[in-house]
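A.B. asks: Handing you this structure, nothing more for now.
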Amino acid sequence: QNSGLQRMTFFFLIEDIITKMQDDKTGGVPIRTVKSFLSKIPSVVTGTDVVQWLMKNLSIEDPVEAIHLGSLIAAQGYIFPISDHVLTMKDDGTFYRFQAPYFWPSNCWEPENTDYAIYLCKRTMQNKARLELADYEAENLARLQRAFARKWEFIFMQAEAQVKIDRKKDKTERKILDSQERAFWDVHRPVPGCVNTTEMDIRKCRRLKNPQKVKKSVYGVTEESQSQSPVHVLSQPIRKTTKEDIRKQITFLNAQIDRHCLKMSKVAESLIAYTEQYMEYDPLITPAEPSNPWISDDVALWDIEMSKEPSQQRVKRWGFSFDEILKDQVGRDQFLRFLESEFSSENLRFWLAVQDLKKQPLQDVAKRVEEIWQEFLAPGAPSAINLDSHSYEITSQNVKDGGRYTFEDAQEHIYKLMKSDSYARFLRSNAYQDLLLAKKKPESEQGRRTSLEKFTRSVMHKSTTRITGLIMEIMGA
Amino acid sequence: MCDQTFLVNVFGSCDKCFKQRALRPVFKKSQQLSYCSTCAEIMATEGLRENETLASLKSEAESLKGKLEEERAKLHDVELHQVAERVEALGQFVMKTRRTLKGHGNKVLCMDWCKDKRRIVSSSQEHAVTMPCTWVMACAYAPSGCAIACGGLDNKCSVYPLTFDKNENMAAKKKSVAMHTNYLSACSFTNSDMQILTASGDGTCALWDVESGQLLQSFHGHGADVLCLDLAPSETGNTFVSGGCDKKAMVWDMRSGQCVQAFETHESDINSVRYYPSGDAFASGSDDATCRLYDLRADREVAIYSKESIIFGASSVDFSLSGRLLFAGYNDYTINVWDVLKGSRVSILFGHENRVSTLRVSPDGTAFCSGSWDHTLRVRDGGRWAF
């Protein structure tokens, strides 16, 4: 159960890609030694080759995507441009080299500044143009000299020792190793302005594996003062699973087995139907009318929505489900007005009152419960709602405790009642139908149409307009 | 046991309850006692419970899990993307960045839209006001638009009333509401300014009364840090979904504090969960580089959104208004746009220069905003379709 394992898995994934990339036998990227002026450049690949390989082996269609992924793999420290501190990938003849497994991030490197100081110091000791410090590196070195003033002699000695070790190596090998070492530091001490890919999500740091492990040095330097990473110390002990935990799990599993579930085919139909119904309302798919304020800088769309005059499209939406009319302020008002005209508004008012109750601060809850009881349920209530005796019984018991969920059962009953009765009648009512057809262009009357026909016609009209609009767009109109 | 004939040996005082009853011999640690039938039965079941080892319980749980999978598999007659083959394809998606909001030199870790569809609060700023919290990992707008909630490494969630008077010190009016024992990873107002739902690194979620700061309900069940939560969009529902470092997504009943459904198919931390607009399903984004869709009625994972070339974790997900599009921000600095029904990727959006840490579609679906470790927020608009 730890984040460290996941981090490892992530690195192993990249390492798998990198390993395949270097494998001649299975169509890896060609690794060559390139002649340049008087010298040779050993063991390099071109950016183009890497990008091509990624496209072919990871099924990437767009080279832009492959370049981006290549850059990320470079930024993580697995491949690097031989002539640049900045770790990106280009789709051209630029040369790249693969990082040595010793320096791979999966080895959990967290190099200390002492190591970095030794590195920069030894670079200045060697008289090679390619090892000259960049400006930001020189600045870093100066800062480290100030910070480690007291132990600089020690650092200097370590740097000298490293130079000695390096001299013993073969010339070509050294070229390769020097570049790999530099690339390692480009990851852990990146160029200012570049992303530091070793930065971790602070929420996940706690759960790294090996919390007690002391950080190892790149140059084998051991010091008494080597500190543990502070975030590691915060790791929590893992709570063991108890018998009680498992008993709870068994109860839960039994409840799940008893649950009635739908078949996938039904679920798929439902998801598709919902999405298809709402696609015309989805501004990211169907351009909003009159316009999307973010595109046109015209807030007409939002002004229209704020007004009390609902658009035809908005009114149509109220017919999709009972929830749709309840969540739209204007729709609720229309529905309430309709119910008032029938002298049956108490159900909706009760439902709204209970919704409001649940929004109250704790201290006001008891009072509101009493008010609702008096208004809607108490014997002789002015807005008496009709509950079956069982529900009434439960509710009157709940009122004694007076909590936020006192009327949950009653509210559910009233909701179902309104949905099947009043809501259905509202949709068939003249009040609703008039709103639905309010802005429709005048059509030639062909005798009386049923409300269902009118509804269908309005939907078809909308679809035709949309398709026409699309065609015009393609034509460049 | 009740229909066995009971042979009476002795009538007297039970050694356990001392009531005058018909007694039978009972052996407890090789000592013979005389219990009445009630006490004898209780002893028998207790003995059974004590004999249940952790191992036997675990194996019972395992066999139940197997049975549950069997039952669910019976209903798995088709895949969503197969049924969705008949749905018209979306075509090329072109999105443009309409606003780039540059932060005050901080990584953007979280953001939220105001219900007015125009304003945004993020971990670095609200309007031009710098947030008064030092390390904010979670923030939310109150439904009224008059207050914001935020918290993070301080283990708390605090509410700040908003003022447009630049001279007023926001921090002075701060109200501490939630107290956890570890970092606050997510917070959300319910449909009122008066209650806040929180998720924490301490493995729990909690519902709080804003005015009194009182804990109304706590939700225990995750085996590790909870990283995200989302409230169900229903007008009448009282549920929410949470995701955590235990790879589980759990659906909770806000009234009882009980977990009503759980899903465990991800291979790593779940960083983000978001309900499908109908409330019948939800999507998740995980460190395992996939996003998944879970349907509550089928009680299973119904789609997985992944590609060979996507190897970095998904940090944040959200649906477009119709639920047809799933926007997902990733740790590889990109946003992938998925066709929810067909399971294919519709578009990949570049632009950010570091991890995308947070992503939300605006309340009316006209745009979506992404926040990144590159210190910026980008608001992008609806696509123009080119076929």
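In case you wondered, yes, glycine gets a Cβ from its N, Cα and C as well.
So TrEMBL lists the following for this protein:
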COILED    B:51-81  coiled coil
REPEAT    B:177-218  repeat 'WD'
REPEAT    B:219-262  repeat 'WD'
REPEAT    B:263-304  repeat 'WD'
REPEAT    B:316-348  repeat 'WD'
REPEAT    B:349-381  repeat 'WD'
A.B. asks: Please indicate, using numbers and ranges, the residues of the same chain that are 6 or more beyond the repeat 'WD' (B:177-218) and have a C-beta under 8 Å from a C-beta there.
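C.D. replies: Long-range Cβ neighbours of the repeat 'WD' (B:177-218): 137-144, 146-147, 149-159, 224-231, 240, 242, 244, 252, 254-255, 257.
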A.B. asks: Going along the chain, which residues at least six beyond the ends of the coiled coil (B:51-81) come within the CB cut-off of under 8 Å?
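C.D. replies: For the coiled coil (B:51-81), the list is 293, 298-300, 302-303, 341-344.
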A.B. asks: Average pLDDT across the repeat 'WD' (B:263-304)?
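C.D. replies: Residues in the repeat 'WD' (B:263-304) carry a mean pLDDT of 97 in this prediction.
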A.B. asks: For the repeat 'WD' (B:349-381), how many residues does DSSP put in helix, in strand and in coil?
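C.D. replies: Split into helix, strand and coil, the repeat 'WD' (B:349-381) gives 0 helix, 19 strand, 14 coil.
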